[in-house]
Amino acid sequence: MIRLEKRPEPNHLFAYLTPLLAVLATFFFGGLLFTVLGKDPVTSILTIFWEPLFGEFAFFYRPQLLIKGAPLVLIAIGLSLGFKAGIWNIGAEGQYIMGALFGAAVGLACYPAENMLIFPAMVLAGAFGGWLWSMIPALLKVKFGTNEILVSLMLVYVAEQFLASMSLGLLKNPEGFGFPGSRNLQQYASAHNGEIIAGSGMHWGVVAAMIAVIFAYVLLARHRLGFAVRVTGAAPRAARFAGVNPSRLILFCLGTSGLLAGLAGLFEVAGPAGQVSIDFNVGYGFTAIIVAFLGRLHPIGIVLAGLLMALTYIGGDIAQSQLGLPAAAIQVFQGMLLFFLLALDLLTNYRLRIGRTEAA
Amino acid sequence: MDLSAINPVLLIAALMSAATPVLLAATGELVAERAGVLNLGVEGMMIIGAICGFAIAVETGSPLVGFIAAAAGGAALSLLFAFLTQITLANQVASGLALTLFGLGLSALLGQGYVGIKPPRMPDINFGPLAELPIIGQILFSHDPILYFGILLVAGVWAVLKFTRVGLILRAVGENHDAAHALGYKVVRIRTFAIMFGGACAGMGGAYISLIRVPQWTEGMTAGVGWIALALVVFASWKPWRVLLGAYLFGGITQLQLNLQGAGVAIPVEYLAMSPYVITIVVLVVLSADKSAAPGSLGRIFHASH
């Protein structure tokens, strides 16, 4: 008989080990999945995880790691603050869309003027758009006690419709022969979020992600606000006694994650994506939830998890074109990772005892 | 724009059909929540139900078998949630999200061969002369069997929760799991069954979308209905009949919005399409003041050692 015994305090070894164990378990069961799909499991796993980093065309894929990883890390850092405090922002996808729309709108409004201030103004507008969208669930929660999970999620569907309406209407390219979608910002020098170092994949979004990581690290380790976040998550009642104002914490956590998701959206629309289009959003807001958990809600962990998840995207694309592996298989793979992580987390807080129940 | 093209009788008949997916899913979730489990994976279980039901209905040629498969598929996926939250004591919010993300991916994978196929049609129940009645006949007696099953399910859940011993135990587990445990009830086992019931209902709700509402398979076709089902449980203050009311209200908005699109109202299509979500938020705000009806142990992890 296996039974569980609560550890007096979380085991630190397992706290670091569980993400690794979860990755290994995902390799194994992902391999099984690929076998069921009629692919060689070893080749599939190697194609996804080895090819982009060390394969023949790695020089092409490696910069992609930063391009795909930056939005994930940026969003996940914001989400992790809330998750730590038990404030669940699930609507990062919507905040990402609104950030992109606000930012792109500023850039498109300035077209074709060239000015050094246009891009900074777009960054501010993008951050503001995401922040604004996250303030809806935040204020409703503070004022009326409305569930922020459901509201932030509903707002994703609203934002998607809003995106469609904008790319068919107000932001549509007037020279686009009636096709939906805005002008391409990559062809507008003042608004383009290009590579800072050619061939590295390093754009301003990567810089922003690095700043966010440092900011979150310092905040959590050194600042009173970070203490409030941690204590609220661990013991909400104790937090009250420690003088934490729950309303302010909700506004801060949701606001920060909305702001960062908005930034991620702006950097994406002005850089790799280039334009506002109906299918502009690709689910970074949802994948970032996995990134936040896989990184154990820790800034450094989130960077590693973000890079790993970016790798599954890039490797997944390669596996799709070379092996004919369906794109959805990668999504299942990512979902599995979260499952194993949540299940194995048990080992951090509990001890497995094999044998009969002892008398208490 | 031609508003006279909207026929109120047809609108009411259609709103009952539009409400059925969310009704089924919300009724299942209500049972799970009354047992103290907050399963945010409804969307994932619905989409798995949608593809399982669709695939099996196409393969066997029988929509009814499809619905049974959808219920089994939803329940099977919900077992993953039960394992995470009841055995490995994982956070319910995170586990529910994992279930949704996984379900969306898995359904897309399973559905690859089924894009663009028409499923077999579920025939409407033949009520004979009753269907000939003016107005009433068309509103009440012109539907498929699953729609009536949904209404019966609400009545059944209400009766079981209110009048039976099983319902009493389920509610006890949801209100105070420690007390229920002390009385000797198997908290984990009861919750697992409640989760599976929720999964089966969500699966059938999903299949209703892919087999009857839309009759085709597209990726992510549940489009947030699972989340609206979760909101509906809050709206209903965890009471079965209010779920029915809420679902019809939601179905009415969905159907009216579609009719207005068809009538060519001056509002752009996108703004009409977002209206069910916006109205759900408004309803949540209005009703969230009163949380007294929520089960006492909702969302809390149970372990016998505590």
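Just so it is clear, glycine is given a Cβ too, placed from its N, Cα and C backbone atoms.
In TrEMBL, annotation is done automatically, which means it is predicted and not curated.
Given the structure is predicted, the values throughout are model-derived calculations rather than measurements.
As recorded in TrEMBL, the features of this protein are as follows:
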TRANSMEM  A:12-37  transmembrane segment
TRANSMEM  A:65-83  transmembrane segment
TRANSMEM  A:95-111  transmembrane segment
TRANSMEM  A:117-140  transmembrane segment
TRANSMEM  A:149-171  transmembrane segment
TRANSMEM  A:202-220  transmembrane segment
TRANSMEM  A:249-267  transmembrane segment
TRANSMEM  A:325-347  transmembrane segment
Long-range neighbours of the transmembrane segment (A:249-267), counting only residues six or more past its ends (CB under 8 A) = 70-71, 74-75, 77-79, 81-82, 85, 87, 89, 92-93, 95-104, 122-123, 125-135, 137-139, 141-142, 148, 152, 193, 203-205, 208, 212, 225, 228-229, 232, 281, 284-285, 288
Surrounding residues of the transmembrane segment (A:325-347) on its own chain - C-beta under 8 Å, 6+ positions past either end | 4, 11, 14, 17-19, 21-23, 25-26, 29-30, 33-34, 37, 39, 44, 47-48, 287, 289-290, 293-294, 309, 312-313, 315-316, 319
Leading contact stretch, A:12-37, A:117-140, A:149-171, A:202-220 vs the transmembrane segment (A:65-83) - CB distance under 8 Å = A:202-220
Sequence gap of 6 or more, Cβ distance under 8 Å, 3 or more pairs: do the transmembrane segment (A:149-171) and the transmembrane segment (A:12-37) meet that?
-> no
Ranking A:12-37, A:117-140, A:202-220 by Cβ pairs under 8 Å to the transmembrane segment (A:95-111), which is first?
-> A:117-140
